[in-house]
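Take a look at this one; I'll ask things after.
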Amino acid sequence: NTFFRVCLKEYQSNVTSTGSCSFGNTSSPVLGGNSFTLTDPDRANGKLVLPFTFRWTRSFTLILQAFDHNNYSIPERNEQIEEASYSGIILPSAEWHTLNHLGSTARITYRVRVQCDLNYYNSTCTKFCRPRNDKFGHYNCDRNGDKECITGWKGANCEIAVCKAGCHPNHGKCDDPGDCECRPGWQ
């Protein structure tokens, strides 16, 4: 009856599992017996997610603990089977990093990655870009979080319509891309 706990904390060169998990912690349900492999690691119960609402620090310490859940003892006791840790830098990306731990009791292979929340970008997840197509702008966001104007729009926030070719720059105007209307007093 094996389950896992994850603790995420500030970078430690000498890792200690005591103290608080300053960046968060979570646990899995029971995933298997004494020896098992998750054949579908993306399955909901095999993936542990730790959302963060702060600027990503890039360097961190992750502590992964495997426990034996003994539901026959009173009070309920969980005995630690093995503890793996990783201290280092992982930048936000869709890529998984595979980590291996060969301990005295168990061998654990696990994958980690850091992903920014939706609409947040860069190595610290602090650049915000949300696609929009309204009076405040007409753009999508590229993979770096930079605005890319929708065809027919220009300007810092893609809020200026690109007028029809030949539309006079001073005496013509447009509210929608490809249009051209004369300003008052011109025809």
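Backbone N, Cα and C define each Cβ position, glycine as well.
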I want to verify the bond table. Which candidate from Cys141, Cys158 sits on the other end of the disulfide that TrEMBL records for Cys149?
Cys158
Taking Cys129 as one end of a disulfide recorded in TrEMBL, give the other end from among Cys125, Cys141.
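Partner cysteine, according to TrEMBL: Cys141.
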Taking only the disulfide-bonded residues Cys116, Cys125, Cys129, Cys141, which one has a CA atom nearest to the CA atom of Cys149 (disulfide bond)?
Cys141
Counting every protein chain present, what is the number of Cβ atoms, excluding its own, within 10 Å of the Cβ of Cys125 (disulfide bond)?
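Its Cβ has 20 other Cβ atoms within 10 Å.
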Rounded to an integer, what is the Cα-Cα distance in Å between Cys158 (disulfide bond) and Cys141 (disulfide bond)?
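Roughly 12 Å, rounded to the nearest whole number.
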